[in-house]
Structures are given as C-alpha cells and as structure tokens.
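According to TrEMBL, the protein carries these features:
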{"type": "REGION", "residues": "1-30", "note": "region 'Disordered'"}
{"type": "COMPBIAS", "residues": "13-29", "note": "compositional bias 'Polar residues'"}
{"type": "DOMAIN", "residues": "89-363", "note": "domain 'ABC transporter'"}
{"type": "TRANSMEM", "residues": "474-493", "note": "transmembrane segment"}
{"type": "TRANSMEM", "residues": "600-618", "note": "transmembrane segment"}
{"type": "TRANSMEM", "residues": "630-647", "note": "transmembrane segment"}
{"type": "TRANSMEM", "residues": "686-708", "note": "transmembrane segment"}
{"type": "TRANSMEM", "residues": "715-737", "note": "transmembrane segment"}
{"type": "TRANSMEM", "residues": "743-764", "note": "transmembrane segment"}
{"type": "TRANSMEM", "residues": "824-846", "note": "transmembrane segment"}
Amino acid sequence: MDQILEEIGGRNGISSSFHDQQQHTSSFRNAAAAASKKLTDVTKLRALERHVFVEEKLVTKIEDNNRLLLQKLKERIQKVDLELPTVQVMINTIGCKSEVNKIKLLKAVNGIIEPSRLTLLLGSPGCGKTTLLQALAGKLNQSLQVTGEISYNGYKFNEFVPQTTSTYISKNDLHISEMTVRETLDFSARCQGIGSRGEIMKEVSRREKQAGIIPEADLDTYMKAISVQGLKRSLQTEYLLKILGLDICADTIVGDAMNRGISGGQKRRLTTGEMIIGPTRVLFMDEISNGLDSSTTFQIVTCLQQSAHITDSTILVSLLQPAPETFNLFDDIILMAERKIVYQGPRSNVVSKKDQAQYWYHRHLPYSYVSVDMFIDEFKEFHVGQKLDDRLSRPFNKSECHKNSVSFNIYSLSKWELFKACLSREWLLMKRNSVFHVVKSAQLVVNALITMSVFIHGQNKTDSIHANYYMDSLFYVLVRLLTNGFSELSLMVTRFPILYKQRDFYFYPAWACSIPSIILKVPFELLDAFLWTALTYYVIGYSPEPERKNKDLVKELSLPAQGSRDLCFSARFPQNGWEQFKACLWKQQLTYWRSPKYNLVRLALITISSVIFGALLWRKGQKIDDEQDFLIVLGAMYIFVQIMGISNNSSVIPFITTERTIIYRERFAGMYSSWAYSSAQVIIEIPYSFLQALLFSTITYPAINFYWSAHKVFLYFYTIFCTMLFFNYFGMLLVALTPTYQVASIFASFCYTMLNLFAGFLIPGPKIPKWWIWAYWICPTAWSLKGFITSQYGDIKREILVHGEPIAISVFLESNYGYQYHDLPVVATVLLAFPFFFAAAFAYAISKMNFQKR
C-alpha cells in the first residue's frame with residue numbers, strides 16, 4: 001500500500017493514475033483492485049483509450065452513471081475535509097434601458113440565484129429573459145444604461161471578472177463550419193482552462209497520501225485527466241460528448257448552409273457543450289431546448305440537476321414550454337412578464353392553490369383582469385416573497401465564501417498557451433481549406449503564364465517607349481498583389497462572428513487569434529512570390545543573365561422506385577409568369593431598400609470617389625498641352641474604371657450569395673421560376689446603377705471641365721452607366737457559376753487582373769501581341785476606356801506636343817491607341833451588349849446550376 005500511495009502522490013501525482021488499459025468491465029472498481037492496474041500518465045491517453053474509458057467505465061447509462069460519478073467525486077473531496085466552491089448570485093433592483101431607442105429592457109428586477117438548486121426561467125418571448133441572463137453574466141452591450149446592482153457572493157462586478165466566473169449559453173449557434181464537433185469542444189476546453197480543478201486535485205492527493213487513502217482508480221483517472229492544464233485532447237470532451245448525445249457525430253464537421261454537417265439540434269447541444277466544458281460553476285443557459293426533442297431535453301436537464309444538487313453549482317436555465325417531466329426536475333422557478341419578475345421561489349408553490357389570487361381559483365367571483373403589477377403586489381405579500389425580500393436586505397458575508405468561488409483573472413491561460421491553442425486551430429483550418437490554397441496558387445500560375453506571354457522580352461528594344469512597358473509590367477504586378485488578398489478576405493469574413501463571440505467570452509484576446517493567422521500565411525505568400533518570379537522574371541526580360549533565373553448508395557436512392565410514375569400537376573407554378581415576375585420584383589425592391597449596408601455604402605463610395613476624382617483633375621479637361629497632360633486624364637479614367645468596377649463587383653458577390661441560398665429553397669418549393677427571379681434581380685440593379693452614374697457624372701464632368709456638348713455629356717454618362725451595370729452583372733454571374741462566396745472571390749480576383757491587363761492602358765491595343773489581341777477586343781474595360789476617351793477627345797483637332805512634335809489630339813489617339821471618333825456608334829453598341837450578355841448568362845446559370853449538397 002505504501003508503494004501504491006507513493007506512486008499515486010509522487011512527483012507527477014497530478015498527472016499519474018492507475019489505469020487498466022486492457023480490461024474494460026464494470027464501472028468504478030474498488031480500491032483494492034488498484035494494485036493490479038498500471039500506473040499511467042493521464043496526459044498521454046490515446047484517443048481509443050479515452051473513448052473506451054468513457055464508454056465502458058464512466059457512462060454506460062447516462063442518468064445513473066453521471067449521478068454516481070458526481071457523488072463519488074464529491075465524497076472523495078469531502079472525505080479529506082475539502083469543499084467545492086459555491087456562488088450565490090444576488091440581483092438588487094436591476095434595470096436596463098436602451099439610450100438610443102429609449103426602451104426599458106428590464107424594470108427593477110430583484111432576486112437570488114442559489115447554489116445547489118436548479119432554477120428555471122419562464123416567460124413569453126420578449127419579456128426580457130435574454131437580457132436578464134446577459135446582465136447576470138456581465139455580457140450586456142456597453143451602450144445600454146444599467147441601474148441597480150448584481151453581486152456574486154457579495155462581490156460587485158467591478159471587484160472581479162464575471163465573464164470568467166460565470167458562463168452564458170447563447171441561443172445563437174455560432175461555430176466554425178470546417179471543424180468537427182470533437183475539435184470544437186477540445187478547443188473550448190483548452191481555452192477555458194481548468195480553473196481551480198488543478199489546485200483542488202493537488203490538495204486532495206496530498207491529504208489522501210497523509211491519511212493513507214487509496215482512491216478508486218477510475219475516479220482518480222477521470223479527476224486527474226480533467227485537472228491538467230493545456231491538453232490538446234481532453235477526457236472531459238469524451239465525457240461531455242456522451243452526456244449530450246453527440247458521440248454519434250463527434251467526428252463530423254459542423255457544416256453550414258452549403259456544406260453538409262450536423263443537424264440543428266446537434267448544433268444547439270454543441271453550443272451548450274462548448275460553454276459548460278469549462279470549469280465555471282455558474283451557468284446561465286438561454287433556451288437550450290431549441291431544436292431538441294423532449295427526450296433529449298429531459299436527459300440534459302437531468303444531468304444539470306445532478307450537477308447542481310451534487311456539486312453545488314449555480315444554474316439558471318431559460319426554456320420555452322418545457323414538458324411536465326422536465327419542469328418537475330427544477331427546484332426553483334422565476335416567472336417573468338413585461339420585463340419584470342412576477343414570481344421567484346420553489347416550484348411546489350407555483351403549482352399549489354395555496355394563497356392563489358387568480359380568477360380561476362375564486363370561481364364564485366366574476367372574472368377580472370389581473371395585471372402584472374397586481375401579481376407582483378400579491379407576491380410581495382406572499383410568504384415566499386417576504387422571505388425573498390428579507391434575504392435581499394441582508395448582505396452576503398464575503399469571509400464565508402471559498403477563495404476560488406469568483407475569478408479575478410480575465411483569461412484562464414497564459415499568453416503563450418493561448419497563442420499555442422489559436423495557432424493549432426489555425427493550422428487545422430488551413431489544412432481543411434487546402435483546396436482553397438491550391439486553387440489560389442494554380443490561378444496565380446495561370447495568371448503568370450498569361451502575363452509573361454503579354455510582356456514577352458521579344459518586344460525588348462532600347463527606347464523610351466519599350467522602357468514604359470517594363471514600368472507597366474511592374475505596375476501590373478502591384479495590381480496583382482492588391483487583388484490577391486480578396487479571396488483571403490472572403491474566407492476571414494465568414495469567421496468573424498465566431499471570433500467575436502469567443503473574444504467576448506474571454507476565450508482569448510484578439511491578438512492571439514490574428515497573429516497565428518498572419519504567421520501561417522507567410523509561407524503561402526512566399527510560395528506565390530517564388531512561383532510568380534520563377535515564371536515571369538526571365539521571360540519578361542527584367543534581367544536576362546543565366547545566374548538570375550533562379551471521389552452506389554446515393555445513386556441508388558436518387559433513382560425512382562421501379563414501376564413508379566412521375567407526379568403530374570395541371571400547372572408547374574401556382575401563378576402565371578407575369579405574376580411571378582411582379583412578386584419577385586416587389587420582393588427585390590423591398591430587399592434592396594432594406595439593405596443600406598449594400599446600397600448606401602456604394603452610393604456613398606461613388607460620391608466620395610467622385611469628389612476626390614474631380615479634385616485631382618480640377619479643370620484639367622481642356623488644359624492639355626502635351627502627351628503627359630493627356631496621359632494624366634487617361635490614367636485617371638482607367639483608375640476609375642478599375643476601382644469602381646471592382647468595388648461594385650466585390651459588394652454584389654456576398655449580397656447575391658446570401659440571396660442564392662434563399663432562391664434554392666423557394667425555387668424547390670415551386671414558388672416561382674428561375675427566370676422570374678433572375679429578371680427581377682437584373683432589373684432592380686438598373687436604378688441604383690443609374691443613380692451611381694448620375695452622381696459621378698454630375699460631380700466630375702464640371703469639375704474636370706471636359707468640352708461642353710450635349711452629346712459628349714450624354715456619352716460620358718452612358719459609358720459610366722454601362723460600366724457600372726456590366727460589373728454588377730458580372731459579379732452576379734460569378735456567384736451563379738461558383739459554389740461558395742470564397743470561390744467566387746477567387747475567380748473575381750483573377751478576372752480583375754485580366755480586365756486590368758487588357759484594358760488598353762498598360763499596353764495600348766495596337767501594341768498588344770497578335771496572339772492576345774482577341775482578349776483586348778472582348779475586354780469590357782477596354783471598351784469603357786475607349787468610350788470615355790473617344791467621346792471626349794476623338795473629334796478634338798487641337799495640337800499637343802508628343803516627343804517634341806506638335807500633333808492633333810484626334811490623330812494621336814488614332815495612331816497610339818486606335819481610337820477613332822467614327823467608331824463611337826460601335827462602342828456604344830458593344831457597351832450595351834456587355835450588360836445584356838452578363839445578365840442573360842446569369843439568368844441561364846442560376847436556372848441550370850445548383851451547388852447545394854444538403
């Protein structure tokens with residue numbers, strides 16, 4: 001026995017325990033069997049060992065084994081004269097008001113949440129349940145005006161950190177879709193740490209060694225495994241997966257609207273598990289039964305009841321219409337109405353008829369409406385209400401509370417441990433999204449091949465004109481680097497809600513998440529730089545010296561049963577085509593009107609850009625004396641086409657991606673045809689693009705002082721309008737052709753560079769190699785630039801200095817850029833054809849392609 005005690009409580013006692021790696025029999029062996037077991041480091045248990053230990057030793061029947069485990073855990077602690085920390089939450093006249101909308105969210109709420117008692121929060125939607133739970137957990141928005149006082153064991157919020165002392169389980173299920181259920185729980189357990197478990201376990205082991213007590217091996221293994229800081233894989237995760245019924249989907253990704261993952265009910269349980277896996281002993285749970293069947297809800301609440309009764313936890317649970325058997329599990333009830341607490345006390349007093357004042361009890365009296373304030377007044381005169389007031393009037397004695405009952409630290413881990421946890425998660429996500437990075441690099445290779453063939457060194461000549469081509473190629477590289485981050489941006493934006501949630505729950509600081517992401521992207525950027533340099537450096541001719549080159553069940557189930565016939569209806573859709581179109585157009589009009597983040601932003605952006613554009617080119621439209629003055633105007637128009645086009649395209653992609661998920665569902669339900677939606681979507685863009693073009697023309701034309709003529713002003717506005725339209729329609733087409741927002745962004749960034757390369761500015765049309773001239777003629781931005789310049793200067797005979805020689809502007813345009821004034825009707829026709837083409841392609845693609853996997 002002395003040898004066993006020495007091995008258990010020795011130098012590595014907190015991480016060493018007797019564990020049977022071969023026999024998996026009944027639960028909880030007696031202490032005498034410990035001598036036949038092997039001393040094992042609990043931090044090195046393999047995945048199979050953790051799974052078998054939980055399945056065959058800890059939890060064979062959830063309700064019974066969970067209660068038995070918690071009882072034995074508490075008995076072991078009490079046997080050595082130790083107590084678990086307890087927290088009493090006292091609410092003293094809490095009020096909450098929105099300073100913006102002047103709405104009272106809570107009105108003078110009073111109450112006490114007791115440890116060792118499971119409390120149920122009931123009330124109709126909108127009565128303030130969520131606000132109360134958030135206030136108790138210290139999660140209220142800082143913009144709200146809060147009055148009154150909340151204390152934990154007598155400590156006010158400014159004396160400790162309530163966010164790490166308590167846990168708030170939100171009703172919103174926010175998880176990273178690429179991570180599995182097990183990985184999500186492991187990461188949460190790692191970030192939340194172990195709290196006071198390690199300290200309690202060390203003290204228990206020390207006192208057991210002094211008293212000569214040999215603990216039960218399985219219990220000792222479990223307690224020590226959950227008391228070790230910083231484990232990547234936790235035994236607590238396996239235990240919680242079993243308790244929450246998530247063991248059947250432990251290795252399934254969470255998924256999202258486009259990727260198959262776990263169900264909505266499983267996500268709800270995962271949200272609960274993600275928060276309760278931590279060491280906190282105060283739980284505020286907001287509608288955890290949403291999406292769950294009554295049996296699963298009963299099982300989870302049973303485990304919560306056992307945790308509250310046995311381990312003295314403080315638990316407040318908000319439920320909507322719980323089943324009777326679930327309701328009977330609670331000890332106390334809090335009833336809320338009109339943002340006030342109507343009743344708080346034992347559940348037995350809620351269902352009894354003792355001292356009732358409602359009309360259905362006094363049947364001999366006529367009906368009368370009982371208001372919420374009347375209920376509150378009656379409750380204050382009830383003995384339960386009087387007892388509550390008496391307890392609220394007596395302050396809590398801080399000297400009686402456990403030293404670890406509240407937390408005074410913002411984060412549970414050291415900065416280095418938090419950094420390592422976030423780094424390991426970022427590396428996992430990078431591996432899950434490996435296809436994304438492969439496609440991105442492949443796109444760069446294709447782009448590099450095209451670029452080097454355009455700027456091939458065969459054009460190399462020692463004159464100033466070809467020297468400008470080298471400058472243009474370097475400028476193009478800068479533009480390529482600028483657009484390279486758009487795909488990464490879309491991937492990061494989808495994770496922001498989860499990162500914000502975990503940051504606000506004090507899982508980690510913002511830097512712990514951002515720095516690993518930056519570090520892990522450096523190798524990929526180095527690879528991209530190497531590929532681009534290796535492919536283009538020598539071919540373009542920067543330095544030609546040799547030393548400088550350096551995937552049958554799905555199919556079966558998808559087929560109809562033999563002998564079955566197709567369903568036949570008199571009409572495919574309930575409404576005719578015209579009614580479908582009107583309904584879709586009405587819906588799109590409302591959606592656009594109620595989407596200021598999309599429409600107001602782009603209108604504000606075009607206004608700001610117009611002002612800047614006009615200021616930079618102030619009165620330069622007619623002050624053209626030489627080639628440099630003309631190139632300034634040409635370059636400014638080129639930059640505008642690129643910036644505003646990319647801005648419109650980038651903003652329409654996420655908006656249409658969100659719309660597409662809804663279209664798939666409504667089209668499958670037979671609400672309308674694809675052409676009705678696509679026609680409405682195309683038409684609704686026209687007035688907003690028209691307004692953009694009108695704003696730009698109104699501001700810039702007089703500011704730049706182009707030549708004043710009715711047809712010149714009209715052609716200037718017409719070119720801008722068509723350019724805005726085809727960039728919007730092109731973004732819509734990319735969404736229709738790609739499965740996700742991220743993929744659409746990748747292709748968009750590739751197209752931006754091509755539209756930039758063949759716009760006719762970096763290399764004028766006549767100078768583009770013959771094997772690439774077709775790309776110039778089908779490039780929309782080339783026709784936009786041609787429309788801008790030709791309409792304004794194509795008929796101007798004024799002479800300017802070009803290489804020291806006078807030459808008419810119209811002649812200079814024709815000889816250097818191939819712009820001829822008599823081609824304006826063709827330019828106007830082609831500019832109008834591009835929006836028609838992209839709109840038609842979008843309508844066809846959205847009707848024929850469906851990327852849903854659910």
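Backbone N, Cα and C define each Cβ position, glycine as well.
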Remote residues contacting the transmembrane segment (686-708) - C-beta distance under 8 A, at least 6 residues beyond either end: 592, 599, 602-603, 606-607, 609-611, 613-615, 617-622, 633, 644, 648, 716-717, 720-721, 724-725, 728, 792, 796
Model confidence over the domain 'ABC transporter' (89-363) (mean pLDDT, whole number): 85
Per Cβ pairs under 8 Å, the stretch of 600-618, 630-647, 743-764 packing most closely against the transmembrane segment (474-493): 743-764
Beyond the flanks of the transmembrane segment (743-764) by at least 6 residues, Cβ under 8 Å: 436, 439-440, 443, 446-447, 450-451, 454-455, 469, 472-473, 475-476, 479-480, 483-484, 486-487, 489-490, 634-635, 638, 641-642, 645-646, 649-650, 653, 657, 730-731, 734-735, 737, 772, 775-776, 779-782, 785-786, 816-818
Spatial neighbours of the transmembrane segment (600-618) far in sequence, C-beta under 8 Å, 6+ residues away: 632-633, 636, 640, 643-644, 647-648, 651, 688, 691-692, 695-696, 699-700, 703-704
